[in-house]
Amino acid sequence: MQGGEPASVMKVSESEGKLEGLATAVTPNKNSGNSSCGGAISSSSSNSSRGGSAKGWQYSDHMESVNGYLMKYTNLVTGWQYRFFVLNNEAGLLEYFVNEQSRNQKPRGTLQLAGAVISPSDEDSHTFTVNAASGEQYKLRATDAKERQHWVSRLQICTQHHTEAIGKNNPPLKSRSFSLASSGNSPISQRRPSQNAMSFFNVGHSKLQSVNKRAHLHPDHLVEVREMMSHAEGQQRDLIRRIECLPASGLLSSLDQDLLMLKATSMATMNCLNDCFHILQLQHASHQKGALPSGTTIEWLEPKIPLSNHYKNGAEQPFATEPNKPMGAPEAQCVAESGVLAREPEDISADDEVEDTCDNKEDDLGAVEEQRSVILHLLSQLKLGMDLTRVVLPTFILEKRSLLEMYADFMSHPDLFIGITNGATPEDRMIRFVEYYLTSFHEGRKGAIAKKPYNPIIGETFHCSWRMPKSEVASGVSSSSSTPAITDHAPLPEEAPTQSVSDCYTVRFVAEQVSHHPPVSGFYAECAERKMCVNAHVWTKSKFLGMSIGVTMVGEGVLCLLEHGEEYTFSLPCAYARSILTVPWVELGGKVSVNCAKTGYSASITFHTKPFYGGKLHRVTAEVKYNLTNTVVCRVQGEWNSVLEFTYSNGETKFVDLAKLAVTKKRVRPLEKQDPFESRRLWKNVTDSLRESEIDKATEHKRSLEERQRTEERLRTETGTPWKTKYFIKEGDGWVYHKPLWKGIPSQPAE
């Protein structure tokens, strides 16, 4: 251990690192160099003084100097050593010293961040590497996941800033003097496509020739370039549509290797052109004479698709060559428009949504005698502990909903969700959150039905909302009240009188499948009227356990109560499918935690799995503690799909009967208004086939979607084209909604 480094550095536990490290990891450095040691980060920006309010999910994009202790891997002999690191944003350098006292001396090592790559490790939540353009590499380890996330975020912002400066400060090379209108002697001119192909992929040559005549780039020409980019991108979208709408088999099919390569190459070309256009803008801005007037803002002229090229509400429109083709025909279900469409977020108004009338009631599997041969064939290919992420499971075990919609169903009690922020004290708010958390699983898991939802396709999204009458949301009365307000709940929404929009709170929900391998989903919900939102990302890891299958929900969520300046970090339990050869059933298991670093309250929740002999099914216990005094303020016991008993520190008890708890129906857009990649429209053919008990037909539709996803993933890998998400942005190890409520509404702690 180096001098000047307090011993407390080595005492950070795993749980504290994950849940509590954030509040103390970042401190303002307004006065002097009083930096925290032992992995604590000192920041020169006053904005970081918010502490733990949103650091796990929000980072400002301004330049911020950071310094603090990190462990650096030296070599096999020496191993890991503590070193004091300084991020010099102005110079674009990452420097390190033996300890903080020697920071006034020459640094022991320096890395240029321009062109560098910052890579968090997949093996653990503490390690990351900084790979400089020169080939030099620093392998570093933070005290905990939150500290690593902060360092990675600051380094990435600094790297991006100085990398973009390269394009601005170094003008592009002079263009070569050759003419596109050459004689017919070049190899390209000799490879003329057939007339039929030209009519299929029509290109506006007259406009392209007009661009070739412009020898000099004047300021006004940036607008013209943008217009041409818009035109080219519109043609590329049309190309993708035409390829995807070809029949799946025949002389020219949508899965033809040459056409798939053409689609991927055109996508990569447009991405490259967008980057070049951005460099032109930077170059033009650097040549502007004189300083800009104060208050002037610069808006980049991003290429935009003309309105005529947009398809309203994402609905498919027939081509001019096929005017009588019905929208619902399988050939016209152009599902894989993912390349361009998935990159453009869409603001969906809750006014476009209607109360859900879809009845996807699930029947339990019961005995699986008829499917035993299918299951035995599958089991013969599996090994104990094998990862099932890439294993295709039989269709008959599927629910009629996507995993993304399952996450939405966890929000089916919006009155309890909104009521959290009504808690009068931090203790009351924590208890209300635990109550909401425990009551969410019975609807999210549809009781304990032994079926699994669809695995979402990458780029798949799901949108919905709930309207909750303000009169039905619990007031600020303490949750420890013995009045059975929840067991004698208000009537179900369909029985309640019609409420105007102004008399209701609106809870909006959006989910997106942001990664395929590993399968990661991001979801976000907010109630803007009450200034509260929840952001979460979940990686589902499934393993074969012999006669059962276990699914681990890796990831975490954060509930932000902006009215109180509080954040509640939580995790999710594991799920197990038992007795898969006889009568399958599902249970939840494992320990999860809820923590609020600001108030010092935490909750430990245990989902008990059934022992081999005796014991109850679906049992859950929980304790809510005040960490500063280690006092238990509430205990919970019961079954997560039946009855829960809350016992408070004053001796009072409350029972929550989940069978009597009202479920608010979600509001969704009609199917014809949904985008091609929204869950219900994407899986429509599979769902319809399952409703009709056409298992073979459902399997074929499901296989078609999965094969298309694999093909596109392979082509993206071959062409080096990264996947771009639509609504969520990767920050450190997590995924954050692109327009979270906390970015628009400042956190204002209550007096």
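Cβ coordinates are placed from backbone N, Cα and C, and glycine is handled just like the others.
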Query = What residue among S119, S186 has an entry for phosphoserine in Swiss-Prot?
reply = S186
Note = What Swiss-Prot calls phosphoserine, among S8, S177, S465, is S177
Ask   = In Swiss-Prot, which of these is labelled phosphoserine: S13, S179, S689?
value = S179
Request  = Sort the residues of the region 'Disordered' (694-716) into helix, strand and coil with DSSP and give the three counts.
outcome  = 22 helix, 0 strand, 1 coil
Long-range environment of the region 'Disordered' (694-716) - Cβ separation under 8 angstroms, sequence gap at least 6 = 248, 255, 260-261, 263-264, 335-336, 338, 392, 394-396, 398, 454, 457-458, 516-517, 682-683, 685-686, 722-723
